[in-house]
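Reviewing the structure listed below.
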Ligand SMILES: Cc1cc2nc3c(=O)[nH]c(=O)nc-3n(C[C@H](O)[C@H](O)[C@H](O)COP(=O)(O)O)c2cc1C
């Protein structure tokens, strides 16, 4: 597969089984996040890796967080979250080490973390692994973030080996989201009725 084929065919998946990346593979994969565009070289990304016997404890913290931030959650949703966090081969908590007082705006720092996460998803796919970025109201929970040693959460990556053949969903036509500017404001095909 060429690099372009890889980038054009990557898809997220939560149908994951063992193995997760080895420690060496994981460092190579996370190394691609260090190639994210990073204004001011602030390196705002942080990764907390949870696997094996530590997963049930994380799942309990997730459930406790839901009780704080989503107290109306139905029991089925709580149990689904508990099971997913307790059984995914590897979970990577995406942390943001932000500097609100820095001259580089906060939103640029957050986008840098996101760009790093995208590189990780591509690197997982390129190395035969799979993953998906999940969030939910609990990423706003400062207590959960602190329990992980983070000041701010950007979500979680579920990571493992795709269970079965990779399904590549149909992608949108990029021309719909692109316009050439000739001195007047553009319009996009994607925004037409
Ligand atoms: C910041 C962020 C948070 C997300 N949170 C969730 C989530 O909580 N649940 C979910 O099903 N998808 C979530 N997604 C979307 C999936 O990660 C994924 O992009 C989506 O399933 C589409 O798959 P694709 O990456 O193959 O296009 C999130 C994406 C981003 C960027």
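Here, residue 1 is simply the first one shown, and the rest follow in order.
Just so it is clear, glycine is given a Cβ too, placed from its N, Cα and C backbone atoms.
Database features, via TrEMBL:
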type: BINDING; residues: 10, 11, 12, 35, 39, 133, 134, 135; note: FMN binding site
type: DOMAIN; residues: 9-160; note: domain 'Nitroreductase'
type: REGION; residues: 1-21; note: region 'Disordered'
Greatest C-beta neighbour count within 10 angstroms, which of the binding-site residues 10, 35, 39: 10
Annotated binding-site residues 10, 35, 39, 133, 135, filtered by Cβ under 6 Å to ligand 1: 133, 135
Proximal but sequence-remote residues of the same chain as residue 11 (FMN binding site) (Cβ under 8 Å, at least 6 apart): 125, 166, 167, 168, 169
For residue 35 (FMN binding site), the three-state class that DSSP assigns: helix
Sparsest-packed of the listed binding-site residues (12, 133, 134, 135) - C-beta count within 10 angstroms: 135
Secondary structure of residue 135 (FMN binding site) (DSSP, helix/strand/coil): coil
DSSP three-state assignment for residue 11 (FMN binding site): coil
